[in-house]
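Below: the structure, in structure tokens.
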Amino acid sequence: MDLSDFEADNSVSCRLASPVPEACKSEDCCLGIDEAGRGPVLGPMVYGICFCPVSRKEDLKDLKVADSKTLSEAERENLFLKLDKAKSFVGWALQILSPNTISTSMLQRAKYNLNALSHDAAIGLVQYALDCGVQLKEVFVDTVGPAEKYEEKLSQRFPGIKVTVRPKADSLFPIVSAASICAKVARDHIVKGWKFAEDLGEVDIEYGSGYPNDPKTKSWLLKYLDPVFGYPQFVRFSWSTAQTLLDSKAVTVHWDDDEEDGEKAAARQNNTSMLTYFSRSKPASAPTRETHRFFTERRLQSIDTL
């Protein structure tokens with residue numbers, strides 16, 4: 001699986017896709033949707049679709065696809081290769097939601113929760129298939145939230161397509177199992193080969209499962225928590241596990257507001273106001289040091305006066 005488009009900038013989301021089989025442009029098709037990596041505090045969430053002609057459903061069954069969570073990594077890899085080789089009648093596409101995209105979406109002023117993010121990723125992939133000329137007649141989805149409401153939402157968005165939303169759809173419908181495998185294989189490759197933009201030296205890759213309750217994951221989060229700048233972009237800093245560690249281990253920052261004088265409020269909390277840095281003159285003999293990438297990427301410079 002070629003992930004170079006995402007690896008070029010893993011701070012943003014990315015869509016990857018196989019070629020669309022000609023059969024899918026001329027015959028009625030079914031499509032499955034599933035995701036991988038919804039719960040972990042580390043790495044991306046990957047949404048996947050897989051589609052094939054309705055007349056080739058049995059051929060898909062013959063590949064012996066199954067829910068990716070019931071398969072070993074080697075079995076998933078082998079099945080993905082089989083799906084990729086069946087390019088005469090099987091197509092797939094992925095929407096990779098970077099940890100940075102997930103966190104900034106969930107913490108923006110107008111709240112955009114994980115369910116809404118998931119729904120929009122799924123809708124975007126179905127629309128992508130339609131835009132590519134796939135003749136969709138059936139869509140099968142592993143539910144996010146209440147199944148009936150989600151099914152109604154998708155049916156209204158895509159009239160003329162029969163939509164079926166079920167819990168555990170990846171164990172009920174082979175086309176969803178195939179989508180699950182594509183998504184899981186992509187996420188596994190991304191997490192294993194993650195390129196850290198931050199200067200962390202030789203990174204310890206023993207971060208466990210990535211789930212918040214995993215002791216190895218918690219240990220890794222503590223090890224790579226910068227007291228000022230927080231976590232590398234591999235971490236979903238909107239997750240409560242990450243936020244709790246930041247609150248307890250990172251430097252406290254007082255944000256000035258309109259209700260009280262910023263410097264007085266900061267002094268009351270035995271803290272330093274952000275405003276003091278604008279009025280503080282730099283000593284002539286102050287040693288120079290390399291500016292942190294947070295500032296250089298945003299083209300920020302130090303000033304002595306406002």
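Easy rule for this one: first residue shown is 1, then count along the chain.
Cβ from N, Cα, C; glycine included.
Over in TrEMBL, the protein carries these features:
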- 28-251: domain 'RNase H type-2' (DOMAIN)
- Asp34, Glu35, Asp142: divalent metal cation binding site (BINDING)
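Apart from the site residues Asp34, Glu35, Asp142, the chain places the Cβ of Ile33, Ala36, Tyr47, Gly48, Val141, Val144, Ala169, Asp170, Val176, Ala179, Ser180, Ala183 no farther than 8 Å from the centroid of the site's Cβ atoms, the recorded divalent metal cation location. Other Cβ atoms within 10 Å of the Cβ of Glu35 (divalent metal cation binding site) number 23 in total over all chains. Each of the binding-site residues Asp34, Asp142 was scored by how many other Cβ atoms lie within 10 Å of its Cβ, and the smallest score goes to Asp142.
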